[in-house]
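First comes the structure, then the notes that go with it.
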Amino acid sequence: MAERGRKRPCGPGEHGQRIEWRKWKQQKKEEKKKWKDLKLMKKLERQRAQEEQAKRLEEEEAAAEKEDRGRPYTLSVALPGSILDNAQSPELRTYLAGQIARACAIFCVDEIVVFDEEGQDAKTVEGEFTGVGKKGQACVQLARILQYLECPQYLRKAFFPKHQDLQFAGLLNPLDSPHHMRQDEESEFREGIVVDRPTRPGHGSFVNCGMKKEVKIDKNLEPGLRVTVRLNQQQHPDCKTYHGKVVSSQDPRTKAGLYWGYTVRLASCLSAVFAEAPFQDGYDLTIGTSERGSDVASAQLPNFRHALVVFGGLQGLEAGADADPNLEVAEPSVLFDLYVNTCPGQGSRTIRTEEAILISLAALQPGLIQAGARHT
């Protein structure tokens with residue numbers, strides 16, 4: 001038993017092996033430490049490079065903002081949806097809506113307001129229009145077609161399922177606005193839809209902007225949202241995705257001077273056009289158009305930030321003012337800063353609304369550009 005408990009003496013080579021093992025272990029520890037230090041240094045270098053790149057991008061963006069290439073003012077147009085009821089067939093109703101969309105896009109209209117001039121806002125909307133609100137059928141159809149045409153082609157399938165109102169939308173001429181881009185077209189801004197794709201926490205969502213690659217943005221957003229993306233100037237050609245950040249839909253207009261389409265708003269009556277303005281202080285310049293107005297050539301437009309031009313239907317603005325329960329005015333002219341006749345000496349007894357939009361915006365455009373640019 002004593003012999004079994006006694007330590008066996010080391011052989012002549014075992015002590016040396018033990019020393020070699022310790023040296024090898026110490027050497028491995030030092031190598032591992034060096035490797036960790038090297039890895040940490042590389043990580044810090046990458047972080048520093050990313051910070052420098054972010055700082056450089058911020059400086060470039062700040063310099064771009066200082067250039068002030070944008071358009072500071074907005075232009076809104078309001079018209080009654082009842083003009084569609086004057087068309088003789090579903091095809092002509094659709095084509096009429098397309099003419100209005102084209103006219104507004106040509107003159108860079110930022111907002112189209114479709115109002116109900118016939119006082120039908122109190123009626124219940126039934127059938128396929130349930131849930132839209134208290135609006136007339138023509139108003140809703142006009143608004144839907146206007147929205148459809150404004151949407152870039154590569155996003156329409158996601159936002160516009162098959163609908164009876166859009167049955168003949170294939171007949172319409174495209175707007176071909178700056179935000180309706182081809183796949184390989186280069187641009188600082190693009191419209192896109194947030195795709196339903198899993199992302200790691202703290203990393204941004206992916207957006208389909210109609211290009212060969214998706215765009216990775218700086219925020220996590222709900223799938224299905226339509227967003228305006230500003231693409232980074234430096235894009236690595238070998239990356240699986242492009243990179244950019246989500247910006248306001250107004251940025252292309254205010255920072256780059258690009259026309260970026262229009263928004264569509266439904267108003268239950270003429271007074272709601274003014275009362276439900278999307279701007280904090282409302283419209284600071286309102287213009288009514290009528291054959292009973294003063295000559296547009298003598299009109300002096302004041303400085304403005306948000307202009308609104310209102311058109312009447314077959315019976316003129318008087319019909320909308322009379323049918324509105326919120327208005328108690330003898331003449332619609334008192335509702336506007338300017339009440340103008342944009343086509344004096346007309347050779348036809350009537351000017352259709354789609355014609356009046358083209359005529360009026362062409363007549364007002366020079367004054368609007370000057371007065372809008374003067375606003376500080």
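Using the three backbone atoms N, Cα and C, a Cβ is placed for every residue, glycine included.
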Swiss-Prot annotation (region 'Disordered') - matching range among 49-71, 233-255: 49-71
Annotated companion of T289, R292, N341, T342 at the S-adenosyl-L-homocysteine site, Swiss-Prot, chosen from G282, G312: G312
Binding-site residues (T289, N341), the one with most neighbouring Cβ atoms at 10 Å: T289
For T342 (S-adenosyl-L-homocysteine binding site), the number of other Cβ atoms found within 10 Å of its own Cβ: 26
Neighbourhood of G312 (S-adenosyl-L-homocysteine binding site), C-beta criterion under 8 angstroms, separation at least six: P80, E117, T289, S290, E318, A319, G320, T353
For R292 (S-adenosyl-L-homocysteine binding site), the number of other Cβ atoms found within 10 Å of its own Cβ: 13
Env. residues of S-adenosyl-L-methionine site, Cβ within 8 Å of mean position of R292, G312, N341, T342 Cβ: G288, T289, S290, E291, G293, G316, L317, Y339, V340, C343, A356
